[in-house]
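**Q** As annotated by TrEMBL, transmembrane segment applies to A:7-31, A:43-70, A:82-101, A:113-134, A:171-199, A:205-228, A:240-259, A:271-289.
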Amino acid sequence: MDIYLPIAGLSVNIVVIILLGGAVGMLSGMFGVGGGFLTTPLLIFYGIPPTVAAASASTQVTGASVSGVFAHMRRGGVDFHMGAVLVVGGLLGTLFGAVLFELLETWGQADTVINILYTLLLGGIGGLMAKDAWQSVSAKRSGKPVAASKRRHHPLVASLPGRWRFYRSGLYISPLAPLILGFLTGILTMLLGVGGGFIMVPAMLYILGMSANVVVGTSLFQILFVTMSSTMVHSLTTRAVDIVLAIFLLIGSVTGAQIGARLAQRMRPDYLRLLLAAIVLIVALRMALGLGWQPDEIYTVQFL
Amino acid sequence: MIARLLLILALLLPLPAMAQSASEPKLVPDVSQRNINIQSRFTGAELLLFGAIIYPRGVAPSGQIDVAVVLRGPTRPIIVREKQKVAGIWVNADSIDFRSAPAYYAIASSRPIEKIVDARTAAIYELGLKRLQLSPTGEIETREVRRFTNGLVDLNQRDGLFAEAPGEVDITDQVLYRARLTLPSSVPEGKYIAETLLIRDGRVIMADDSVVVEISKTGFERFVTIMAQDYGLLYGAFAVLISLFLGWFAGYVFNRL
């Protein structure tokens, strides 16, 4: 079953796209991440032009995070106050990201910068997650609990001026910290087509020191708004959102997300985290190979 | 005034035609499809370029006749970038601007081009991927232009946008010829010109580029493209709404299950 994608300008196999969306959706349901970090590279690997892949992936992440946000809202797992600050930062970030994207395109280094960002972010975060998950898995095996971290949030966060109270997160910190965090993930959303959940969640836990029970819900809340904004910005600047591609990805991913959420309830959370860490590290490794060993293509064409 | 112009034209025009029809054969080329519509089920197309060679007094001369057909897509300006290893990582280091690169180029010939025409004629008619004239801008060494052209040709050949098919033109009784060319699904829209060349003794004796194939998106595909290009705000809002709806709907359905 082939279908022509009007914006990407080529035909693809629908089944492949739906399965791809489904697999990514399952991961997002299991781990509470948008899954854009997998969709974009996989689409590019399949032959979709990179800009179209990033733009359409952000549309897909919107859909994948909606039901998650509702589920977390029902059990009070969203800190709206914190979420709002993150969203404002995120919206500014997507706008800044759009300008940055244009600059990189004219400079001709967009794909290199995107690859480097992917490698560093995924490598770093995958490594952290793996270490963390491994420690708790082996701690459970040996029966010794992991010593709780002494400090709540990063000393840099404490040094920022002006403090707000974020009740649900259990924090009394400067709003600048989440604003900056939101801004940075907004840029990533625009450049990489990712929701930024895989960066947001650890950053909320380890840098801001938010209570664990609102981290995933608030991160999804922010992802929802930021990917919506990045779809809009892409529609107005790069004009690369392929609605046909996005719809088929969505059909797969919203279904996959529901299955993933059910699967997650049956799996041990530590092993789940270890699995996610492994996937993230594999993607990082694949990107690193493209950068350091052999790129897919030596020559690339840009239309004027 | 007009009458005099017409008279001059009438005197001038038949001359080359008459000279040709007296000694040289004529070409009657055609194509299987003059309009290719890109719709949702479009997975590429196959074009049959065929035609007849009409000889003066209806007698085919002795000696071998060769035919080459070239299908050329619209040209556009492009930048070709080349990755090089800088400080351990591959980055786009060098680039060339080409003013007129064809979006599609396919050539089929009855025998390999090198065997039927000399290098000069092949270069003049741009016969073969090695002889594409892409008009690089700025002062660039020939060797460098060669390197980038080869890179582009290799990339497009693997995508099916450039093709070379020596020996793929069938000639029947020195009169009828036909060649099959394939277009991948990623062909851009535009006017494609089919050129047919009749070659004898290393010389192009007849060239015809009157056959035009129009490739365009139609229906829903055309609508989506126009919306995305001209109504970005509406298009983006629709994309957002549909993703919100599908996400919500899946959650709703699964909660009922």
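FYI, residue positions are counted from 1 along the chain as it appears here.
Glycine residues also receive a Cβ, built from the backbone N, Cα and C atoms like all the rest.
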**Q** For the transmembrane segment (A:240-259) against the transmembrane segment (A:43-70), do we get 3 or more Cβ-Cβ pairs below 8 Å once near-sequence pairs (under 6 apart) are dropped?
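**A** They do touch: at least three Cβ pairs between the two stretches lie under 8 Å.
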**Q** Below 8 Å between Cβ atoms, which of the listed ranges A:43-70, A:113-134, A:171-199, A:205-228 makes the most pairs with the transmembrane segment (A:271-289)?
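**A** Against the transmembrane segment (A:271-289), the leading stretch is A:113-134.
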**Q** Cβ pairs under 8 Å with the transmembrane segment (A:205-228): which stretch of A:43-70, A:82-101, A:113-134, A:171-199 has the most?
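**A** Answer, by Cβ pair count: A:171-199.
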**Q** Can you name the far-off residues of the same chain, 6+ from the ends of the transmembrane segment (A:171-199), with a Cβ under 8 Å from a Cβ of it?
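**A** That would be 28, 32-37, 39-40, 53-58, 61, 65, 82, 85-98, 100-101, 104, 113-114, 117-118, 121-122, 125, 152-153, 157-158, 160-165, 207-210, 219-220, 222-223, 226-227, 229-230, 233-234, 280.
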